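> Sharing a structure here in structure tokens format.
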Amino acid sequence: FDVDGEEPHTGIIASISNDNPALVSCVDDERLEFEDGDLVVFSEIQGMKELNDGKPRKIKSVRPYSFTLEEDTTNFGTYVKGGIVTQVKQPKVLNFKPLRAALKDPGDFLLSDFSKFDRPPLLHIAFQALNRFICEFGRFPVARSEEDAQKFISIAGNINEYLGEGGVEDINPKLLTHFAFGARAVLNPMAAMFGGIVGQEVVKACSGKFHPLFQFFYFDSVESLPVEPLDPIDFKPLNSRYDAQISVFGSKLQKNLEDAKVFIVGSGALGCEFLKNVALMGVSCGSQGKLTITDDDVIEKSNLSRQFLFRDWNIGQAKTTVAASAAVSINPQLKIEALQNRVGPETECVFNDDFWENLTVVINALDNVNARLYVDQRCLYFQKPLLESGTLGAKCNTQMVIPHLTENYGASRDPTEKQAPMCTVHSFPHNIDHCLTWARSEFEGLLEKTPAEVNAYLSNPSEYATAMRNAADAQAKDNLERILQCLEQEKCETFQDCVTWARLRFEDYFVNRVKQLTFTFPEDATTSTGAPFWSAPKRFPRPLQFSTTDPSHLQFIMAASILRAETFGIPVPDWVKNTKMLAKAVEKVIVPDFQPKEGVKIETDEKA
């Protein structure tokens, strides 16, 4: 039902022609993300109201800010202004072949590595040969057995001949030998990856969201195998939990893994996954090995959906302590130290030069770019390999940084996200991102910045006031006025004071400011060139009418009053969560009438 899982793309309309086909132009605020053949619906159009019927329409000739509508609008009303165009997600029907038919004619394979485009057809034959080998001999090929490998290659050759034109030109005996040698080994990284893929496919099947794997997906990591020839004795089982790994990679590499000194930075969703993997692989489980994991965060309830080493009863505990304990229960041999330090310049006394010098590898499991860049710089300086990765919903990225071989994480940067002008955010928002930016800005001003400035003023009022009055910029004088207003008019001593403050704040944000804005710029206002002021992408606003029966209005009052109380250290009463009692408290508040004023300056310059 939803091929990519993305939110439907939208655009703000600037004009629509009366043509066949019609040309639709959108504002050049953001590039259109539509594609030729997409279906779209229109809403809020003034003038050409025939398009507001909610009927999906096909588009073509998509350009960055325009597209053609496959419809004759010659006899439609003339476009006046406004309008939103929204993509309609189209269901896609996939016809899967039954296994018996797909084995003979697999169709196109899903590729994960475009340098191996000829690999999936060969692996398709190899897995059929493995099934036939098990049927004939009742077992998997023995690891490193040349005799079993030859039997396996012979079976694969027979299958390839049977397929005729559907087979491959070269069955690649060297690759099939690797396949036979490792066929019985269960390896943690491969199991973890395929487990994740299968889990995703189950969720796709249940939800109808995201495109499923179509028929066959084959994956190999032959490049991970040892390059240099090893002594057969190196692959001999040691009667340990790592014998499968040893049969594929050899005991020397296993010893290196066990004696590795690893630093995992972060213990969230990725950190839990890495910690489980290294414990199962035996990393840092030898006498010389050590794994250090650090994260300054504690476990919250929301973490439990994906940070699988944590349980309900761990809420409030340090992430690294709980994760380390869980990892040791997976592998009691793991040598792990759990720290609660943030990694940055301020903790270089903890993570000093000796610490970095002794590391074998660093694994990032972070959730912000600045911390990633800092760790990357440390790894660059001390020439340590770094495994960098990140997730966003169902999306992910991964980067392996090897000294003197690959570029480092900080060598390339994503383009900075376009910031909306402040006048747009505060007075002329036209998408949800603008509203979120505004809300975050107001939160910071009201609940972080102003209390901090008030406290600075209270510590030495006369000195602070003199400094503010002598400051050259008007902003400093505004700050002083705001501080004095906060102390004289907005000081809260009881929770009812906080409710009053929250109710007046609602009125200010969603009523008074809107009334002033529409008084200064009425709906029919024009610019200096005579064009309508309220043209796309601007949206003409309407003031809200406060109501205690509207859940969103009461939720605003509840949240704002609780936050205000926390700022002043006022105890929050239990009744605040009771909508009826909160409504009674709000009804006690006297809200003064507001009259818009002449001459109020509202910023419209996008560069301001």
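In case you wondered, yes, glycine gets a Cβ from its N, Cα and C as well.
Below are the features listed in TrEMBL for this protein:
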| type | residues | note |
| --- | --- | --- |
| DOMAIN | 19-89 | domain 'Ubiquitin-activating enzyme E1 FCCH' |
| DOMAIN | 90-160 | domain 'Ubiquitin-activating enzyme E1 four-helix bundle' |
| ACT_SITE | C423 | active site, glycyl thioester intermediate |
| DOMAIN | 429-607 | domain 'Ubiquitin-activating enzyme SCCH' |
> With DSSP as the yardstick, break the domain 'Ubiquitin-activating enzyme E1 four-helix bundle' (90-160) down into helix, strand and coil residue counts.
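DSSP composition of the domain 'Ubiquitin-activating enzyme E1 four-helix bundle' (90-160): 43 helix, 1 strand, 27 coil.
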> Return the residues near the residue listed as 'active site, glycyl thioester intermediate' by Cβ distance under 8 Å, restricted to its own chain and a separation of at least 6 in sequence.
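When sequence neighbours closer than 6 are ignored, the residue listed as 'active site, glycyl thioester intermediate' has E603, T604, D605, E606, A608 within Cβ distance under 8 Å.
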> Looking only at the domain 'Ubiquitin-activating enzyme SCCH' (429-607), what is the mean pLDDT?
87
> Residue counts in helix (H, G, I), strand (E, B) and coil for the domain 'Ubiquitin-activating enzyme E1 FCCH' (19-89), per DSSP?
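Grouping H, G, I as helix and E, B as strand yields 5 helix, 28 strand, 38 coil.
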